[in-house]
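Annotation comment: TrEMBL describes 33-125 as domain 'Chorismate mutase'. Annotation comment: TrEMBL describes 125-300 as domain 'Prephenate dehydratase'. The domain 'ACT' annotation in TrEMBL covers 312-387. Annotation comment: TrEMBL describes 1-29 as region 'Disordered'.
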Amino acid sequence: MSRKSDKTPKKAAPAATRKPASKKVAPTAPEVDVAPLDLATLRTRIDGIDRHIQELIAERAQFANQVGKAKGKLAAAVDYYRPEREAQVLRRVVDRNDGPLNDEVLVRLFREIMSACLAQQEPLKIGYLGPEGTHSQQAVYKHFGHSIHGLPLSSIEEVFQEVEAGHADFGVVPVENSTQGTIQSTLDMFLTSKLKICGEVELRVHQHLLSRGGRIEDIERVYSHPQSFAQCKAWLRQYLPKAEKIPVGSNAEAARRARSSDDAAAIAGISAANVYGLKSIAGPIEDRPDNTTRFLVIGRELFPPSGNDRTSLMVFIKDQPGALYHVLAPFATHGLSMNRIESRPGHTGLWQYAFFIDIGGHVHEEAMRRALDELDDYAQEVKVLGSYPVAIA
Ligand SMILES: O=C(O)C(=O)C[C@]1(C(=O)O)C=C[C@@H](O)C=C1
């Protein structure tokens with residue numbers, strides 16, 4: 001498997017994430033303006049700004065409501081949701097950002113505003129791999145904000161089923177981890193599912209050792225999901241070499257079990273500590289500080305281009321010399337970059353493989369359409385799994 005960085009350059013600044021040189025710093029930059037003021041004056045200023053922000057949020061919510069009405073009388077919240085528009089709004093937030101808050105923080109704030117605006121119609125129902133307190137739940141909130149109705153489900157398969165059945169509007173499933181690689185059960189679901197990928201979320205994953213007791217040296221049993229054990233292998237070898245390692249279905253389940261005694265612990269995200277009444281006795285403990293999990297948002301339809309999109313394909317190639325080479329060549333010819341290729345047994349016959357390929361671009365764009373047309377001679381089957389906005393901050 002190979003995968004290029006997801007940080008696609010901003011339109012106006014092809015050199016990585018640099019801001020355009022012409023961009024002006026706002027004349028009211030806080031450190032210049034507020035430094036000499038006393039506490040009472042500063043708080044009065046903040047009160048005034050808060051009032052202004054609140055008025056603007058209310059005004060924005062009214063316009064969003066009108067936009068909802070302009071879309072006509074639609075059946076459900078899912079019909080009002082426009083991921084491509086949300087991605088454009090958030091990219092503009094990032095482009096405008098001159099600090100002091102970082103891109104991730106600002107995107108989170110604006111995401112919550114849009115989430116609340118959309119929920120005026122009705123909150124979206126989002127299925128994810130539960131129970132509550134998992135990294136999947138965090139990914140749901142990162143992508144959809146908190147004004148949604150989360151449905152914690154017991155397996156990745158169930159997430160697909162609930163979206164297919166229409167009980168959930170969208171589902172969020174993990175697909176790869178930067179330390180551990182692909183979550184194969186997710187890719188395998190696409191062999192038979194008709195669902196479309198309509199978004200991706202990248203979540204920096206921090207693992208903690210959670211326990212109801214206080215000391216690492218007292219821990220004799222550690223519960224966690226196998227993926228999380230693998231992400232903390234070196235730390236466990238160094239600090240808990242003798243403790244029994246017990247794999248369970250999710251980190252939240254691990255946290256639930258760790259509640260039983262002081263000599264038990266779970267490896268899980270910090271949010272599980274709050275949900276299950278544990279405390280972090282060590283953390284973050286993942287071996288790689290950039291440990292990141294990528295999630296896919298699955299839904300029932302394909303959305304229009306946002307201007308910076310990725311397309312995921314599943315391709316079965318013909319059994320003939322050079323077939324894979326010929327399947328990949330049209331993307332290069334049409335200037336489309338490939339971010340990832342992965343093969344899985346195709347379940348169509350012995351030694352038949354499905355190739356999962358991620359390409360920069362959207363199927364409604366000319367270059368992608370032409371490249372796809374040219375695959376036909378060497379591909380037995382090409383399935384577009386989805387075209388969706390590249391993850392933002
Ligand atoms: O622009 C729209 O179509 C809206 O419905 C407004 C809005 C927003 O708050 O900006 C809300 C929900 C959509 O998912 C996208 C954007």
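Using N, Cα and C of the backbone, Cβ positions are placed for all residues, glycine too.
Assigned with DSSP, the residues of the domain 'ACT' (312-387) fall into helix, strand and coil as follows: 21 helix, 31 strand, 24 coil. Across the range of the domain 'Chorismate mutase' (33-125), the DSSP-based residue counts are 68 helix, 1 strand, 24 coil. Mean pLDDT, taken over the domain 'Prephenate dehydratase' (125-300), works out to 94 on the 0 to 100 scale.
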